[in-house]
Amino acid sequence: MSISPLKCPCLLQRSRGKIEANRQKALARRAEKLLAEQHQKPAQSKQGPSQNLPRDPSKSGSHGIFFKQQNPSSSSHGDQRPQNPHSFSPNTSEQAKGMWQRPEEMPTACPSYRPPNQVTVAGISPPLANSPPGVPSQQLWGCELGQGHPQASLETQSTPFANTTHEPLAKVKNFQETAASSCGQPPRDPELEARMARPSTSGQNISGSVMPRTEGRLQQKAGTPLHRVVGSQQGRCIRNGERFQVKIGYNEALIAVFKSLPSRSYDPATKTWNFSMTDYGPLMKAAQRLPGITLQPLEGAEGHMESPSTSSGIIAKTGLPAAPSLAFVKGQCVLISRARFEADISYSEDLIALFKQMDSRKYDVKTRKWSFLLEEYSKLMERVRGLPQVQLDPLPKTLTLFRAQLQKTSLSPVADIPEADLSRVDSKLVSSLLPFQRAGVNFAIAQRGRLLLADDMGLGKTIQAICIAAYYRKEWPLLVVVPSSVRFTWEQAFCRWLPSLNPLDINVVVTGKDRLTDGLVNIVSFDLLSKLEKQLKPPFKVVIIDESHFLKNIKTARCRAAMPLLKVAKRVILLSGTPAMSRPAELYTQILAVRPTFFPQFHAFGLRYCGAKRQPWGWDYSGSSNLGELKLLLEEAVMLRRLKGDVLSQLPAKQARWWWSPQARSTPGPEPPWMPPPRMTTKDKTKQQQKEALILFFNRTAEAKIPSIIEYILDLLESGREKFLVFAHHKVVLDAITKELERKRVQHIRIDGSTSSADRETSASSFSCPRALRGVLSITAANMGLTFSSADLVVFGELFWNPGVLMQAEDRVHRIGQLSSVSIHYLVARGTADDYLWPLIQEKIKVLGEAGLSETNFSEMTEATDYFSKDSKQQKIYNLFQKSFEEDGNDMELLEAAESFDPGSQDTGDKLDESTLTGSPVKKKRFEFFDNWDSFTSPL
């Protein structure tokens, strides 16, 4: 019968003794091995008191100095970092034994501290001096628990340490707190200790027990490099004007660096930090010392990096970035007038001393900037280069090319320009130029035919452009690119101002099938230019671009088609009343067209004049900077701009022009439906039937002109016209204009026959406010009793046979309080009723003028001479118009017909129904209309 060793007390006691003896032998061997390793290593310095963090054992879950013994196999997978050189380790076996029994003899992090009484912990036997090699560098009595303090566990209950009483543990706790206070450490933070007590999976300490998560972060903050970095973070710096932004993921050590910089600013929306450029150098140097952090530097920001001699010492001591150096300053030179420039730069004592050596120096107390004459520019820049801590950016190369010219010229860019010889140009055109227009032609010729003519609207850019192009007539054929709504207006302008030019030599491109090079003068729209790009070879030598701001976006098809043509053309004449609608970036394409060598790259232009800022998605050029310098550059070599207020004394009070509508020309096939019906000239028809056919012809003309009217209004809106009036007669035209403005979300008012008196006054008052507003008005309902002097442009979409009504409508703008010259535009369509109404209006105005009853003379103010050839058929229709409108009551019949006209009730393509011409309008309705008409024609 065998006896189980577990049931026999004697065998159990002997087994325990053998196990304990073997364990002690193993511990002794490991301790000897550890001592041998320690003898091979050089002596290490002791850790300073600022590195020690005391911990309350009661809060950490341990029992004072107890530790968990680990299996050697498991400890091999722990952290492979080197042992802390600042921790204490015994050099001899005697020291190892004494550190457990005589704590007052143990070297601590506070060498000056001597415990008042000897503390001996009961239950600790000498064999424990041979402690496991996993914890030789731990100060069990000191303050370095954060460097891998051994944690207690339930497995230690079977060891002799379990018999330790609570009284010695209290003494040990008091001893640790006393030692911590004597080292000058701050009081404990319970929240920090609670975080330290939590286990972390980021790594293990040397003994194999879990290291708190806070430990690694504290080491990074203290400047102690880690041997192994778990992961890495990459980011970049983004320039944002005078500041820069850091885009990187969260890192506690990097956040601590951010908070130490004085110019820090945190954006909660984007969750990013940004700083002043003065802190760029310290931040980059501090980031380089953080393990696992990689920041991509700014482009061209080497000047903001500090020298190692000024910052390396501070960073080496604290591990944080040093204060920014105040010795380094950066700025730029900016042109402020045609003779002076200023230095826009921060304060520097050496630089101020240099400024005071300049003879032409001036200091502006308001702006706190120094300015100098351009003649001292080279001298100043040469001396500034000798200052090592100063970076003063020079003027752009483009401005330096004109430095001598800027110094010699006067304040006005056209004052000293010599008179051009215009003997080769038609005398009619030269004699018609106003003085300021002649100065504009001289400026263009002085610029060798390349300029941006940006005169205000109504100052005669068209006649100046034709005169400039005629000066270079030997270099024709000429290409004229215009909005589609004014193609035929330009055709008539060439015919009027250049009598020597054969009208057959003028080629107006209407469709994509037309040839672009068939004429000596070729007129094409922006949209068709992109479709006829293949016909631009060989290129034109002389090019006119009307409304050149249409090319402001380099990405559009019209701009891509026009820019190569303009760069190779010898003469480029750009016309625009509003060259830039909202920001300087819109000027770049026009500057590039006139002067391709000024700013070949847009980025250089954007940095200088658009306040370019780098954003996460790219560069933002929507801002503005150095606008005064840009204005001087444009006036000197690119642009000529005069406002109405500058030349008001040379302008007439009211200028009337007519604009052609291409609607009738662009319609293929047989006669369009708005052509005069054949029955209008038939003698066997009654007078009433002829009148009704005339009314139908007038109504269909209104419907046919709608697309051209809307196209012209849209061109005005795109040109930046904020306030203008549009007059029309038919309700269908007023509805179409209003609908288009609503679709474009353009603020406007409307006054017609259905508008009440109260609403009329409200609309007129709202139109006088400063905001952008357009007016859609009826010729007969809004030609009296209203004031719209805040506008200076009137557009007549339709004609009216009574010139007195038209003059009254014009005077809604040309009234007392009008400080500008008023422009009147009449939209006339060839091949419609306008062919007969326009000469009729001129004839009546001429008669009134001879009698002294009218100051307006359409024949002199417009280009309506020989508007149509009076063949037999047209002469009969003209006589019918003239005779019909001279009879009493016919005005009211025509007004009533126009008011009741419904384009949907009759197909304009159907033949005229004779049955509709037999009856007259109902008298009751006519009387009601008379009552309504009297309410609008009676004086207020």
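Using the three backbone atoms N, Cα and C, a Cβ is placed for every residue, glycine included.
The stretch that Swiss-Prot tags with region 'Disordered', taken from the ranges 200-220, 662-682, is 662-682.
Range annotated as region 'Mediates interaction with RPA2' by Swiss-Prot, chosen from 2-36, 282-316, 387-421, 597-631: 2-36. Annotated range for motif 'DESH box' in Swiss-Prot, selecting from 58-61, 546-549, 718-721: 546-549. Taking the centre of the Cβ atoms of D455, D456, M457, G458, L459, G460, K461, T462 as the ATP site, the nearby residues of that chain (Cβ within 8 Å, site residues left out) are G577. Sequence-distant contacts of T462 (ATP binding site), defined by Cβ-Cβ distance under 8 angstroms and a gap of at least six in the same chain, are W490, A493, D546, L575. Residue with the densest Cβ environment among the binding-site residues D455, D456: D455, by other Cβ atoms within 10 Å.
According to DSSP, K461 (ATP binding site) is assigned to a helical segment. Take the binding-site residues M457, L459: by the count of other Cβ atoms within 10 Å of each Cβ, the lowest one is M457.
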